[in-house]
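Asks: Would you mind keeping the following structure in view while I ask a few things?
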Amino acid sequence: MVLTTIIEVLVFGLIFGSVVALAGVGLSLIYSIADFPNFAHGDYMMFGGYMAFYINVQLGMHMAVAFAVGVVSLVALSLVIDRLAFKPLRDAGPVPLLIASIGVALFVRNLIKFFWGTQTRNYAGDWQRAQEILPGVEMTGQQITLVVVAFTLMFAVHLLLSRTRLGKSMRAMSDNRRLARASGIYAERTLMWTWIIGAALAAAAGILLGMNSSLAPYRGFMILLAIFAAVILGGIGSPYGAMVGGLIIGIAYEATPYIPGLDAGYKFATTFVIMIGILLIKPQGIFGGAVE
């Protein structure tokens, strides 16, 4: 019985942690290169999720098409927002950009409410039949797909950072922007690609979150806390740290109801406690530093 419970916590922690890790990688990339924490990241996730909902449920198209449209739509929106809201403040420092990102978060959240209302939404599809993957532990087709897609995308980010010219430019920008410019790296182009990749990962994470549970306008803000906890735990500015931090946060999130005196209502509080603890004990995080 105890072993089954531990396995369940690990499996479902892996499911939620995959979403958090995927979103955390995007947030960490943006922070390390754009040099500010994007507080709109959670609402970006929801926008991508709702666009996929529109294609999948309201237009009745296949989930794969909905996934692609959700990603492309958020990428386009993020580039427009960067041009209008963030680019004019690029040289003003991180604080004005942070404040602007809070305004962007409110704008995107209310945009979602305007088009889809405030009620909870679910995707269509007959994926809810559970399959026993381990003795006493079941996963639905959606959950299996979620984990596979999330890890595939994170591996793709690893290949991009380690094997491509763009990845080298991003690492150089993260280490020293002035030196990168002096070396001939076009900063604005690299930053544009960072927003494209970060938004694509946010949209994918939002869609996967909706596949695992449901969509609601406020969920972006709520999950942002878990994402920040993962990024801080792994090391601010380290995508690889965000991957590991996301999985740890996911397991802690799912383990919360089994802690004496706590129930499921304390799940997000647990992530907050972990975040504060890491800031006090090891503020640089597990990996620390920038894109490596």
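Glycine residues also receive a Cβ, built from the backbone N, Cα and C atoms like all the rest.
Here TrEMBL flags 9-33, 53-81, 93-112, 144-161, 191-211, 223-252, 264-281 as transmembrane segment.
Explain the structural surroundings of these features, please.
Replies: Below 8 angstroms of C-beta separation, residues 41-42, 45, 133-134, 137, 139, 143, 146-147, 150-151, 153-154, 157, 170, 173-174, 190-191, 194-195, 197-202, 204-206, 208-209, 212, 223, 226-228, 230-231, 234, 236-239, 241-255, 258, 290-291 of the same chain, each at least six residues beyond the ends of the transmembrane segment (9-33), sit close to that stretch.
Listed as Cβ neighbours of the transmembrane segment (93-112) (distance under 8 Å, sequence separation of 6 or more from its ends, same chain) are residues 34-40, 42-44, 46-47, 50, 77, 81, 85-86, 217-218, 220-221.
Long-range Cβ contacts of the transmembrane segment (144-161) within its own chain (Cβ-Cβ under 8 Å, at least 6 residues beyond either end) map to 14-15, 18-19, 21-22, 25, 29, 127, 131, 133, 167, 170-171, 197, 201, 204-205, 208, 211-212, 239-240, 243, 291.
For the transmembrane segment (191-211), the list of distant contacts is 18-20, 22-23, 25-27, 29-30, 33-34, 38, 41, 44-49, 51-53, 63, 66-67, 70-71, 73-75, 77-79, 82, 121-123, 127, 142-143, 145-146, 149-150, 153, 157, 160, 166, 170, 173, 219-220, 223: same-chain residues at least six beyond its ends, Cβ to Cβ under 8 Å.
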